[in-house]
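Undergrad: Let me begin by handing over the structure; questions about it come next.
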Ligand code: SRM
Ligand SMILES: Cc1cc2nc3c(=O)[nH]c(=O)nc-3n(C[C@H](O)[C@H](O)[C@H](O)COP(=O)(O)OP(=O)(O)OC[C@H]3O[C@@H](n4cnc5c(N)ncnc54)[C@H](O)[C@@H]3O)c2cc1C
Ligand code: SF4
Ligand code: FES
């Protein structure tokens, strides 16, 4: 005979139980009660609804039609008020209903901190659609929101409200955000990213009261500070919703106690979800609830099964804040850390090891490999063999790294891809073979990536690998066709694995060509000499002809010659020497450049060493008009002559040029020094610009006047010339060490953020260290290449002259 | 197929050309570029890109190809043909290394390209 199953709570856990039951055609007549005035929706997607990325309709999991088809009698907006175990009935406002089996799935209730004002209008929690809609409404009139609680929910609420235009402050009791999931370093990066979106974060902030007469007006902190507020969101934690169970006399600790079959102390009453406690443990994420749902369905059908809690991982659903944490990362005796930081990219990774087993992982900024690390934690893999490179992730294990797809291809079938739904790679493969050939289809069939969605990329990769050529995956931009690695990956490898030669890079990074190409070789050559100035020898054959021959090639194959004129200053003797050289080598064009010096255009390649020698003899050196390195330091006349000059701009320009010349940089580097804000040297459209003022020197960076025209942004102001020179060296070195080849300073700053650059040069220790590394490198590179090449003039001449050889 | 000849002329030591580099030979017909690859093969091609006569000897050598310094056409050292979407052909000449010396087919002095 069909049994009567009554379900209290139409949440994520019970919804999954019903799906399993109906899939198995279990013989139950189901009556479903929900306190919320609606059926089952994907609660974890409330944050995208709040931020406006999704609508409620997008996140409904079971609609009215579904319930009808399955024959479920629904009572929505109808809370159960009591359970009578003896009579086996439940009672709601609408009456009493009998059950054979009862499923309690009441979830949890937000914890309300017991402060005065907690019941004022405008104070909301964050649990269900009504809360979400209340926040959306409040945000319509803009104003200020205070979110109490810097955990997962609080931050998702904060990000959503900020997205909707509110001025948001997050108050967090602890020292850093999400302290249960993140360590301090990751917490810092998260905070920085949130602050970038205009969210104010206050840690160690304890709320004393919520102020207001009828509705909320402000929040009072225990240090006396008051924060104006039009909306207060309390997101400080949750409590299992156990009131019904307690009243019914079931065994309840913090949650409703269940055994491994999910039965409560009354075997006809089963409980699931956030309201339960199993083996002393509570549950607050969907992944374990879905595991419980499988067990509940089996128990209801009389099939033996056992619930075993698994390792859990957390991600935050705030676009642009990529974080991942799993396992236990507290410091303890016998534990070791492996840490990787890439401040330029805002990337942080930390693994916690105990007896060669990863017990915890925290990642920020780049979480692409998180599933692999999660697998290591869950499977307690012995990592001794890959310890050295473990932190770089799966692509770096076992020989040459290859593209991310082959890393996915190499994953075993039982590796979990979708954590929320517990979907393994094999299930996705099977679905693809059964005809699910796009993400939507895979999601429909397996549920993979259908809950929180953070594994979408990974699911796509499995699809790509399984489908092969039929799938065109959006590829991350690699350097060139020789490799699948990005500039950033390669730079990281060069530094971390101490790769000091080009063949080492090709080998270790799995180059697909024998010796690179004209795109990657110049980049690698730069990275190697910037990172290992002492160990690496510059490779002229990996340089574009201009840098190889220290002259600019012309359209007819001749070259131009531009000697330095330090700071734009020259002398009659220099001008005479240039004129003589122009005559002697029959230079067709002599032009004043836009960089305050003279260009001799149309010199034959084989004459270069000779003309250089003449210029050298007159005291001139290469102007590097061809280099990805220091070009010119443009100056104005400054205090020497100008009635407005505040400082010696010409003198400072010359000093800077003499300091920086010869250095190689990711792209060309141009400076300008103006003697006053009239800015006749156009300093504010240079890569680095200095404007002299009465009180000192304003240093700004990131200008350009080529394909993009940009004004510099202020870096700092200093008092002395010596400080200017130090800051310029430091910022140049920071740029050399971190930028992608062929990114001018403005492009690099746009990627790493001006704040980080500012911080790095403002910190005197860092500034000194950067400056020292710059100087170190300059001991090798501050040399006149013309003089060096005059000595090798042989190589500029033809290998053989056969013109006089008699033709047969 | 290259024309065969036993009239090889000694040009220079292999080491006079850098690995992944090139040097020029002046001939009555114009400059010929002698390339040396990363694995010490040598090739001889007219020093004029089929695009706009760019000096191929000044390009970057990779594998068995050179990238023209003016507009980045990639030219095969073996066949002289432009690679990829570009079309065009440079004359090539037989060249070889014997006992560490570069030798070129003397027909280079009389004919234009033979390959
Ligand atoms: C000679 C000169 C033009 C002139 O007659 O005045 C010049 C000539 C060339 N510039 Fe320039 N630029 C010259 C000043 C500039 C300036 C003005 C300045 O420096 O004050 C700019 C704009 C400022 C800037 O850089 O932001 C400028 C922006 C460019 C760009 C665009 C760069 C960008 O990032 O947008 C290129 C292309 C590139 O570098 O990729 C370029 C590239 C070139 C090249 C090297 C093109 C090439 O690859 O062959 C030209 C070489 C000509 C030759 O054979 O000598 N040139 N070029 C100037 C040499 C200055 C010097 O003394 O060193
Ligand atoms: C904004 C937000 C974001 C989240 N993000 C994530 C995430 O990214 N990843 C993750 O894993 N988890 C996330 N969670 C947690 C996840 O949503 C919960 O773990 C999950 O919903 C719990 O499922 P449940 O079925 O136990 O409870 P619920 O889904 O809360 O369902 C319980 C239902 O029972 C009803 N109910 C309660 N009492 C009664 C009664 N007496 N009578 C009738 N009905 C009653 C309630 O109204 C409710 O609808 C998030 C939660 C929220 C609120
Ligand atoms: S603007 Fe610069 S790159 Fe363009 S033609 Fe003039 S010199 Fe050449
Ligand atoms: S001349 Fe060689 S690519 Fe244009």
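Keep in mind that glycine also has a Cβ here, set from the backbone N, Cα and C atoms.
In case it helps, TrEMBL gives these features for our protein:
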BINDING   A:636, A:642, A:676, A:680  [4Fe-4S] cluster binding site
BINDING   A:680  siroheme binding site
DOMAIN    A:4-276  domain 'FAD/NAD(P)-binding'
DOMAIN    A:313-381  domain 'NADH-rubredoxin oxidoreductase C-terminal'
DOMAIN    A:417-464  domain 'BFD-like [2Fe-2S]-binding'
DOMAIN    A:479-528  domain 'BFD-like [2Fe-2S]-binding'
DOMAIN    A:553-617  domain 'Nitrite/Sulfite reductase ferredoxin-like'
DOMAIN    A:628-761  domain 'Nitrite/sulphite reductase 4Fe-4S'
Undergrad: Looking only at the domain 'BFD-like [2Fe-2S]-binding' (A:479-528), how are its residues distributed among DSSP helix, strand and coil?
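TA: Across the domain 'BFD-like [2Fe-2S]-binding' (A:479-528), DSSP assigns the residues as follows: 26 helix, 0 strand, 24 coil.
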Undergrad: Is the domain 'FAD/NAD(P)-binding' (A:4-276) close to the domain 'BFD-like [2Fe-2S]-binding' (A:479-528), in the sense of at least 3 CB pairs under 8 angstroms with a sequence gap of 6 or more?
TA: no
Undergrad: Taking DSSP as the reference, which of helix, strand or coil describes residue A:680 ([4Fe-4S] cluster binding site)?
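TA: Looking at the DSSP assignment, residue A:680 ([4Fe-4S] cluster binding site) belongs to neither helix nor strand, so coil.
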Undergrad: Could you check whether the domain 'BFD-like [2Fe-2S]-binding' (A:417-464) and the domain 'FAD/NAD(P)-binding' (A:4-276) come into contact, where contact means at least 3 Cβ pairs under 8 Å with the two residues of each pair 6 or more apart in sequence?
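TA: In this chain the domain 'BFD-like [2Fe-2S]-binding' (A:417-464) contacts the domain 'FAD/NAD(P)-binding' (A:4-276) - 3 or more Cβ pairs sit under 8 Å.
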Undergrad: Long-range neighbours only, meaning 6 or more apart in sequence with Cβ under 8 Å: which ones does residue A:636 ([4Fe-4S] cluster binding site) have?
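TA: Expected: A:642, A:645, A:649, A:650, A:673, A:674, A:675, A:680, A:681.
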Undergrad: Identify, in sequence order, the residues in the chain of residue A:676 ([4Fe-4S] cluster binding site) that are 6 or more apart from it along the sequence and have a CB within less than 8 Å of its CB; answer 'none' if there are none.
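TA: Residues satisfying the criterion: A:642, A:644, A:645, A:646, A:691, A:692, A:693.
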Undergrad: Tell me, how many other CB atoms lie within 10 A of the CB of residue A:680 ([4Fe-4S] cluster binding site), whichever protein chain they belong to?
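TA: Counting Cβ neighbours of residue A:680 ([4Fe-4S] cluster binding site) within 10 Å gives 18.
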Undergrad: Select from A:636, A:642, A:676, A:680 the binding-site residues whose C-beta atom falls under 8 Å of at least one C-beta in chain B, and return them in sequence order or as 'none'.
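TA: Filtering A:636, A:642, A:676, A:680 for a Cβ under 8 Å from chain B leaves none.
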Undergrad: Through the lens of DSSP with three states only, how would you label residue A:642 ([4Fe-4S] cluster binding site)?
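TA: The residue in question, residue A:642 ([4Fe-4S] cluster binding site), is coil (DSSP, three-state).
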Undergrad: Tell me, by DSSP, whether residue A:636 ([4Fe-4S] cluster binding site) is helix, strand or coil?
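TA: Residue A:636 ([4Fe-4S] cluster binding site) sits in coil per DSSP, no helix or strand.
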Undergrad: Taking the centroid of the Cβ atoms of A:636, A:642, A:676, A:680 as the [4Fe-4S] cluster site, which other residues of that chain lie with their Cβ within 8 Å of it, listed in sequence order?
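TA: The answer, listed by sequence position, is A:637, A:638, A:644, A:645, A:649, A:674, A:675, A:678, A:679, A:681.
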Undergrad: Do you know the DSSP helix, strand and coil residue counts for the domain 'BFD-like [2Fe-2S]-binding' (A:417-464)?
TA: 26 helix, 4 strand, 18 coil
Undergrad: What are the DSSP helix/strand/coil residue counts across the domain 'Nitrite/sulphite reductase 4Fe-4S' (A:628-761)?
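TA: Taking each residue of the domain 'Nitrite/sulphite reductase 4Fe-4S' (A:628-761) in turn, the totals are 52 helix, 36 strand, 46 coil.
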Undergrad: Please report the number of other Cβ atoms within 10 Å of the Cβ of residue A:642 ([4Fe-4S] cluster binding site).
TA: 16
